[in-house]
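Below: the structure, in structure tokens.
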Amino acid sequence: MLVYIAGSGAMGSTIGYHIEKNTDSRVILLDYWQDHIDKINENGLMVSGKVEDKIKIKAMRPEEAEEEADLIVVMTKSMALEAMMEAIKGIIGEKTQILCLLNGMGHEKILEKFVDKNQINMGVTIWAAGLTGPGQIEITGKGTIDVQNIGDDEENGRKIARLLDKAGLGAKYDNDVMFAIWRKVMVNGTMNSMTSLMECTIGEFFDSSRSKDIISELVKEFTEVGRAEGIDLDKKEMLEYIYKTAEEAKDHHPSMYQDLIERNRKTEIDFINGAVVEKGKAHNIATPYNKIVTQLIHAKEDIRGAK
């Protein structure tokens, strides 16, 4: 099986590493960061943290990919998804399966512009990783991946889940992946946004005496809007999951922090806290905490001149 990773930053490279290392599939990493591509092709992908390794793996720019894909794992930033799909449409065949593991919500509508619904698999991943330099990743925690085909091709969805699980990524097929996606959005909507605003680790924010009320109100809004969208969410259960996840990743700087604070890049806030604000409007549900968080992140992007 030929697997492309479309967007090979920290998380994309982590997934590509596991598939290349532990399965018979062939992996090609796609990215626009030329130094990253060059270092991987020259020296291999360097892995540190929970795993210490170096692996030979092919990397290239998206427009350079020519061989038709069996599977494309989409790991680009949410706001770059449509441009990425346009760049790689030449390697998408009728049997190509797409696995979307992006942070946030609403990506399936973009994917349906390029492929049939039966080719789309939505997923959610809880892994912790970072880029330490071009061609270098640090895996800071072990996680899971939930996968579901959103069309009528459950067989291929399960095949993808088995491949990822064999790769050591803790994957399973999930008949209710939208629940998992909403739960992940709540994790990101509390951890990613707040650590980026406060410029701290997950543990530092959650240890603050001021954080409890903020987290509670954010989660309240998420659960109310989620239930209106038909997702069975319980506030108490979600809070327990968020605090458990925060404890496991207490020393970690999430991806939004890495983008905005470390690399001065624009964030995915509109697909996370901003998404629940927009969905809330459709159901006449007020989301003041998520609205102000979204506005503050955008203000911080403007102040820092994020690109």
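One is the number of the first residue shown, and numbering goes on along the chain from there.
Cβ atoms here come from the backbone N, Cα and C positions, even for glycine.
Straight from TrEMBL, the features:
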DOMAIN    3-149  domain 'Ketopantoate reductase N-terminal'
DOMAIN    176-301  domain 'Ketopantoate reductase C-terminal'
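Across the domain 'Ketopantoate reductase N-terminal' (3-149), the prediction's mean pLDDT works out to 96. Remark: secondary structure over the domain 'Ketopantoate reductase C-terminal' (176-301) totals 95 helix, 0 strand, 31 coil, with classes taken from DSSP. DSSP assignment over the domain 'Ketopantoate reductase N-terminal' (3-149) gives 47 helix, 56 strand, 44 coil.
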